[in-house]
């Protein structure tokens, strides 16, 4: 993993490339009518967490209000500020996370167990959106492999499938097809079992020392730092181990633009924009824009490249 330095972290820029797909589906009038909100204030009413601090404590992080105020979470609207606005009353307790499928030991975690079942630790990761913007985030959580080891995958298990909560009464984007970007909910993502078992793959329940804010995927989300952000599914209620590969949400919506693997790759462009460089979200104002080269696997090439040995990454994007 390439060591992060202060220059890896972010000046601010508003970048709405994903809105192009909204236009492609005839939803531009609705999307552009949505309000833009200022960056969220740092939250003081979220649960403080007990966790092992990262040894990378000298790193300068993306400001908390940018991480909590600049989000893609289409269940709460397609505008970057919509999730912070529309999710502010989202109820995450009680919560159930069901783990099942091709496992010997299916089980369920309640809200409190999300924070206590496994020891929590801080992981400072790069975060790269497919829209070509980036952050550095101090996630708090536990390795997904710990949860999978408890479930004991069977020999048939090849994929790990994740489902976001389906609750149209709380999630306006699920209730209104246009407000939610034309997605067929619930949101579904998946990893190969090898990807899911990798030590970098995190189940996050917090950031900046506190429980996740609703707009960041409370109470529990996936974080896969070498993949584009849409793979890091939010507000998960079900994890199913499967013998067959599912069709994931963005792959189903636009398969020519969003592949199953979604590995960060500067040599494989999105059909409508380059992935060779990225804009960073950080402490500066709108005029302090910084662009930096995109790193293969988002800087985690040494750790994860072996997972894709022999795989054509241009075809399997």
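Cβ from N, Cα, C; glycine included.
Here Swiss-Prot flags 71, 74, 75, 129, 164, 216, 221, 232, 233, 234 as Mo-molybdopterin binding site. All chains included, 23 other C-beta atoms sit within 10 angstroms of the C-beta of residue 164 (Mo-molybdopterin binding site).
The annotation signal peptide is assigned in Swiss-Prot to 1-40 on the grounds of sequence analysis.
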Based on the record's binding annotation for Mo-molybdopterin (71, 74, 75, 129, 164, 216, 221, 232, 233, 234), what whole-number value in Å is the widest Cα to Cα distance?
19
Counting other CB atoms within 10 Å of each candidate's CB, the least crowded of the binding-site residues 75, 221, 233 is 221
Helix, strand or coil by DSSP: which one applies to residue 75 (Mo-molybdopterin binding site)?
helix
Cβ packing number for residue 71 (Mo-molybdopterin binding site), 10 Å threshold
26
